[in-house]
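Enquirer: Would you mind keeping the following structure in view while I ask a few things?
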Amino acid sequence: MQGHPEVIDYLNTLLTGELAARDQYFIHSRMYEDWGFSKLYERLNHEMEEETQHADALLRRILLLEGTPRMRPDDIHPGTTVPEMLEADLKLERHVRAALAKGIALCEQHKDFVSRDILKAQLADTEEDHAYWLEQQLGLIARMGLENYLQSQI
């Protein structure tokens, strides 16, 4: 099924972003594991798996639309401390949210409602799960203090 070139190109833009999010969550999850923060490791490992699923959905859609997937992730910006890592992940999720909203509008413009629905599902996951959880963690650090927060993540 031939897709609109502009939609395919934008789906590729989103794909490279999802691959970057996957990679950033991957490194952060392994850093948390190495530092002994098992709760943070488990959550970020889960997020990495979800980003992989998002990338897979985009990849499959691009192929169905007869496009060529771009499998080179965007640059990642891993943190070196827990607060930096949470902030970096939240910044990434906010970027993804804006990109998904733009993609939804583009898909509607070109009447590609299946791609739009894929992006809408990913947007809901980004807003209601990923970004919300990261905002919660940063709020906990602000209220509890970093030392108490880190102790709660062992």
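Each Cβ is built from the backbone N, Cα and C atoms, and glycine gets one as well.
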Enquirer: Say Swiss-Prot lists GLU51, HIS54 as binding Fe(3+) A: which of GLU18, GLU87, GLU93 is in the same site, per that record?
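Expert: Of GLU18, GLU87, GLU93, GLU18 joins GLU51, HIS54 in the Fe(3+) A site that Swiss-Prot records.
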Enquirer: For the Fe(3+) D site that Swiss-Prot gives with GLU47, GLU50, which of ASP117, ASP129 also belongs there?
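Expert: Of ASP117, ASP129, ASP129 joins GLU47, GLU50 in the Fe(3+) D site that Swiss-Prot records.
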Enquirer: Among HIS28, HIS130, which residue does Swiss-Prot annotate as binding Fe(3+) B together with GLU51, GLU93?
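Expert: Candidate listed by Swiss-Prot for the same site: HIS130.
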Enquirer: Looking at the binding-site residues GLU18, GLU47, GLU50, GLU51, HIS54, whose Cα is closest in space to that of HIS130 (Fe(3+) B binding site)?
Expert: GLU47
Enquirer: Test of understanding: give the count of other CB atoms lying within 10 angstroms of the CB of HIS130 (Fe(3+) B binding site).
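Expert: A count of 24.
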Enquirer: State the Cα to Cα distance, in Å, between GLU93 (Fe(3+) B binding site) and GLU18 (Fe(3+) A binding site), rounded to an integer.
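Expert: Rounded to the nearest whole number, the Cα-Cα distance is 10 Å.
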